[in-house]
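Note sheet for the following structure.
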Amino acid sequence: MNRKNHYHFIGIGGIGMSALAHILLDRGYSVSGSDLNQGITIDKLIAKGAAYLPGHKESYVPEEGTIIYGSGIAKDNVEYKEALRKQLPLVHRAELLALLMQEQTSILVSGSHGKTTVSSLITAIFQTAKKDPSYAIGGLNSQYLNGYSGSSEYFIAEADESDGSLKHYFPKVAVVTNLDNEHLSNFEGSKEKLAQTIEEFTRKVDDPNLCFYNGDCQELKGRISGISYGFSQECALYIYSHRQEGWRSVFSLSFLGKDYLDIDLNLIGKHNVANAAAAIGVALTFGIDEESIREALKSFSGVQRRMERKNTSEKFLFLEDYAHHPSEISCTLRALRDAVGLRRIIAICQPHRFSRLLYCLEEFFNAFQDADEVILTDVYSAGEMPLDLPSPEKLAETISLSSHVCCTYVPYDNVIEHLKQNIRVHDVCISLGAGNIHTVGNALKDFEPKKLSVGVVCGGQSCEHDVSLLSARNVVQYLSPQHYDVQYFVINRQGLWSQVANLDAGSDYNSKNYHVLSSKIAEALANLDFVLPILHGPFGEDGTLQGFLEIANKPYGGPSLLFSAISMDKIMTKRLAASVGVPVVPYQPLTLPTWKRTPELCMRRILETFTFPMFVKTAHLGSSIGVFEVHNETELKAKISEAFLYDTDVFIEESRLGSREIEVSCLGDACSCYYISEPHERRGSKGFIGYEEKYGFNGKSSATIQYDLNLSEESKTRVKELTERVYRVIQGKGSCRIDFFLDREGNFWLSEMNPIPGMTKSSPFLHDFARLGWTFEQIVHQLIIAGLHKFDQKKKVSSTFNKQCLLTAKS
């Protein structure tokens, strides 16, 4: 290539074209280019010395030089036609890339999905290892660059399979990420022809040990001779463990007889773990040291339009992603779900090309299962003519039914306003598409959703009224004023409600009390966006209030109706826990009618089963309420009678005095995303920890909480596993604390559950999650997020059911 030559690009702002323009400029060539719009990509080229010409005009074509065009440039383009008239050399983008790579060690990445990420990861590793590679990548890095000419022999580039340009390349190293029904319109609709093209490309690699392919992709198996990578055991580069930790991935793999443990990747999603594995394989093949590989992956800054954050608000998150094929959409949403947990995901999808939508229609309908809501907007045609496809409204309806989400069609021009009206605090929005959907995120960069109106309900009719107030006073200080407008409701011991200005100690909560159905209270509750009950005992955490809020159609925090009711029934809890193999303390249930009719028979059965001391416990009260330690028959009979004053059901339980009390906290939805804390221990002065000692009432020293336990890792793992079993079998939703006894032999026995555990300053629930690295504010956020999720799931099922009924009726 003659360095005196001038290169003119028709469409210089395109991602592939601009990368090559960068390389030419870095190598000292003169470059000009035209495009319809000027953005950051062209600004970077101008800064290097390129001449930018807006729009397309015949006069832009130089008298001498080489004209570069891409597959997207139509043959009737005025500059293309003028170049033909002037008989100037016309070179396709792919041909220029092949020329630029001549006499260099070319590392080319091809495949239907993931090319940009894999090539970017390889580049990052080589840069960290000080190899200074050249690169041409289909996405902008953190410096807004996609092309660069380095000083070394290495040249890393994407090899686009979509337009037949693979024939121009002769790679030293090849990576094939996968093969899908993508770009089939360029292969006469034949996936087989696409596969043959990929196969021919890999055959150009002289050494099979320099050809890497995805061994989990069925379409590639048996076609390619090389090094397979993936999650299957038969892969030569075998990823044998992976997990996602928030916005990062951690994985381990084996390659060439060596294990590489706990690699930290600054990307999310199983698909990106596979992408990173391919990059690792290439790097190791070239002898790059493990330390450089690990550092590059850990600090990888990502690629723009790949899970890129677009907004500044801390109340919600707006991401942009290039995913536009159903497989990409599905993988992206799955990774996002694992990162954000129970937060509502709103996917804004702009289908890209009518032909892709037609070829992938069935997959498209099922691609959104990890979203909560989908906004479907108009197809970005990319120059194609419309095809015979269902209407946008019909597409949205089918997505709703197939992906089990609420999907709504919104015309492109209305999307921004629709989002402004519907985005809620804690939402995660993600735009999906390769067209101009990125404008939505730009428009919402500084948008702030309105704060949630949260009503804190506390007090209650139970004997734990005072503890509820203490818990509420502690929790409300962590309700962020940037996220929430908070109102306070106190229920007195008679069940009457009052709305108060604050929960300060010494406030008079009894001056203006109303029935919950009074207009004053009902109207105040109706205006709330969310209710946060912080109530202990009957009428608070037993499903009663939860049922009322369900009827009122209000989202609420803490346990669900069913979970509350079961958890506060200690007998039912024991039965369900035992059904999944969780050891429960031996017990014998007793009902009031049975006790009234046959007290002697009841006593005889108890004495035949248990020895003194034993415990009499109420079935539906708190963990330390209505619990009596008895030592003889007289005490037993008296305390059973007393227990029936507080509850309709009681049970006798074998004593576990001398055992340690180990407790574990839970938060989230047991059916999807939940968190289990590390165990803590509650220690009293002696024996059973009663209500007064538990909370330090009436002058008693409160029981102490020990977080750094003298327990083996095996025991800690065991109690957490038992906790998880209990939480899942009772379908935990919201929050709870699960209590166990640990006997002298090292056996754990389920004691009980507390669906709304104490949250006072000294209570362990908040501290349990704080010790996992959360702030108290984040924990309270999570209580609200879990409540919103619980409400959204029920609403989604209800709306889908009603819609399906309507469709059935119409048919």
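Every residue, even glycine, has its Cβ placed from backbone N, Cα and C.
In the three-state DSSP reading, Val616 (ATP binding site) counts as strand. Around Val616 (ATP binding site), a 10 Å sphere centred on its CB holds 25 further CB atoms from the protein chains shown. The annotation ATP binding site is assigned in Swiss-Prot to 111-117, 607-662.
The Mg(2+) 1 binding site annotation in Swiss-Prot covers Asp739, Glu752.
Under the heading Mg(2+) 2 binding site, Swiss-Prot lists Glu752, Asn754. DSSP gives Glu752 (Mg(2+) 1 binding site) a strand state.
Residues or ranges marked as domain 'ATP-grasp' by Swiss-Prot: 574-785.
Positions annotated as region 'UDP-N-acetylmuramate--alanine ligase' by Swiss-Prot: 1-450.
Swiss-Prot lists 451-811 with the feature region 'D-alanine--D-alanine ligase'.
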Closest of Asp739, Glu752, Asn754 to Asn632 (ATP binding site), Cα positions, binding-site residues only: Glu752
Pairwise Cα distance for Arg656 (ATP binding site)/Asp739 (Mg(2+) 1 binding site) [Å, integer]: 13
Of Gly111, Glu608, Thr648, i.e. the binding-site residues, those within 10 Å of Asp739 (Mg(2+) 1 binding site) when Cα atoms are compared: none
Most Cβ neighbours inside 10 Å, all chains, among the binding-site residues Asn632, Asn754: Asn754
Close in space, distant in sequence - Thr648 (ATP binding site), Cβ under 8 Å, 6 or more apart: Thr591, Leu592, Ala619, His620
Residue among binding-site residues Glu608, Asp739, Glu752 with least C-beta crowding, 10 angstrom cut-off: Glu608
Rounded distance in angstrom between the Cα atoms of Gly111 (ATP binding site) and Asn754 (Mg(2+) 2 binding site): 52
For Ile640 (ATP binding site), the three-state class that DSSP assigns: helix
Binding-site residues listed as Gly111, Arg656, least Cβ neighbours within 10 Å: Arg656
Cα-nearest neighbour of Glu752 (Mg(2+) 1 binding site) within the listed binding-site residues, Glu608, Val616, Ile640: Val616
